[in-house]
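Have a look at the structure below, then the notes.
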Amino acid sequence: MNKQNNYSDDSIQVLEGLEAVRKRPGMYIGSTDKRGLHHLVYEIVDNSVDEVLNGYGNEIDVTINKDGSISIEDNGRGMPTGIHKSGKPTVEVIFTVLHAGGKFGQGGYKTSGGLHGVGASVVNALSEWLEVEIHRDGNIYHQSFKNGGSPSSGLVKKGKTKKTGTKVTFKPDDTIFKASTSFNFDVLSERLQESAFLLKNLKITLNDLRSGKERQEHYHYEEGIKEFVSYVNEGKEVLHDVATFSGEANGIEVDVAFQYNDQYSESILSFVNNVRTKDGGTHEVGFKTAMTRVFNDYARRINELKTKDKNLDGNDIREGLTAVVSVRIPEELLQFEGQTKSKLGTSEARSAVDSVVADKLPFYLEEKGQLSKSLVKKAIKAQQAREAARKAREDARSGKKNKRKDTLLSGKLTPAQSKNTEKNELYLVEGDSAGGSAKLGRDRKFQAILPLRGKVINTEKARLEDIFKNEEINTIIHTIGAGVGTDFKIEDSNYNRVIIMTDADTDGAHIQVLLLTFFFKYMKPLVQADRVFIALPPLYKLEKGKGKTKRVEYAWTDEELNKLQKELGKGFTLQRYKGLGEMNPEQLWETTMNPETRTLIRVQVEDEVRSSKRVTTLMGDKVQPRREWIEKHVEFGMQEDQSILDNSEVQVLENDQFDEEEI
């Protein structure tokens, strides 16, 4: 990288003030839930990654401290410690003025994940306290802040050093992050591991010093994104070794790695200056366009596609593909769509990636002739399967019209009276008996009931054409009415929420997993929009007394049960619910369907790589990885079933009191 870039006090450029951050934190970090909390860490880590990205330093240490604060330390150049042109110490400017940083000037960084990066100042604004320690020019400097960004000390010189780098320690403000200020090791782990995959020379250490949670992990990958693709494909049957190529065009560096597996869905992970672009963008478009064009040219050259044959569709070519596309774009060309970094808008990136892939991929296909021919045949089979499923797809897309009538006539769906798709809810209910209670107990205005009577197919192992043959899944597709797979359009959904309601036993849990696998693989935008939920019926019913003095209570956990038992004293009757059908309509409404009193679990995808790997482990063909995961993560005891509430990763929402910034 360009080491002549001048990272000095004058390269820090002030764009605007910081006043609104504490008042409207969601505008700056997306939310104040678990995602927003961890986003604070990523902002500081990304500053350290920018140093490595530009050739300065190669180590980042992240430590969750005993008191719940977190430290991020690098061995880069260290923040500038002089006086800024505004008259304040530069460190104070960086931590108290929004959008103040080297990435906004012309000189601090050649490339960065910046532009909309809110950085250190927002982290400071949303912290109870923050401290920064800088090793630079042979000296150690220190400054502290408190109460959401107010300096509690000036920049002071503490001693001498032979090191360089920056260490930032902060404790999130619990008046902002009211749900929790506790950092999740696994959530941080996935993001930090990702950064290490993308920069070959980067070494990252993650420590947890909290009592009872002590843990340490190291991430360093000498083969970079090649190892990243292998990691994503773990547990899958791969068809060849990982292919990699890189190049430069239009001043943009391009790195690509890919590998095909025997499954039917694609997984493309794209990055810009080490920042994940989960909504894709121009670089991803360039990759897909070039790959489609090169594969079609090759298929015709080897005569697998005749003159009269239609070109292969990109979706067919990418069936079973896992790829990582990473680009590094100079600051002056960097452009994202919207206020987040989730979608790249730089037009030059499309032609750059297209150029590199179009230049390198043909040589790879020629060199691996036998493999390439089999990949072309695989794509042709996918095309034939897509054509076979086309009619069913179009039926699913028009689910609101013709097929909706068929579904209603079949007697399966009990629709809501309202046509307001923004408020309507669809309950997917296990079994006819529970479905009957749900129909009688629901609020007819906005709640629709779809009983699931037959076997739900495992969509992890099935092609789309086979999925359409499964009556239960087909009915769900038509009922939701927004299409499926690449045709799915969330804006066409008939329902704002899809709620899975099953018995609290192993069969019910299995149905939940099968349905979640389907939604994750074929209606992913619904999950990403936080619109898929799991209903949580009570496990116990307690009754005491008769007539007017009769008291009925419900418990969702063993802890609640113990509390109620002590509260009620002797003489109560206890019922352990094994199935939804054991509740009458009134009880089902009051405990599980009434928005005022019910408890829902919102299904969220924290990280698609981890989620995809977990689905493959639990629902794929290979038995050994599944056995190992179960032995590691599941505790077997005398109880028949374990409450889903025992899972610390589950986010429980009681009484439908949703944080507006979460929805």
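Cβ atoms here come from the backbone N, Cα and C positions, even for glycine.
Looking at 138-168, 386-416, the range tied to region 'Disordered' in Swiss-Prot is 386-416.
Taking the C-alpha atom of Asp505 (Mg(2+) 2 binding site) as reference, the shortest distance to any of the recorded positions Glu430, Lys455, Asn458 belongs to Glu430.
If you count neighbouring Cβ atoms within 10 Å for each of the binding-site residues Glu430, Asp505, the highest count belongs to Glu430.
Secondary structure counts, DSSP: the domain 'Toprim' (424-538) has 52 helix, 21 strand, 42 coil. Cβ neighbours of Lys455 (site 'Interaction with DNA') (same chain, under 8 Å, six or more residues apart in sequence): Asn470, Glu472.
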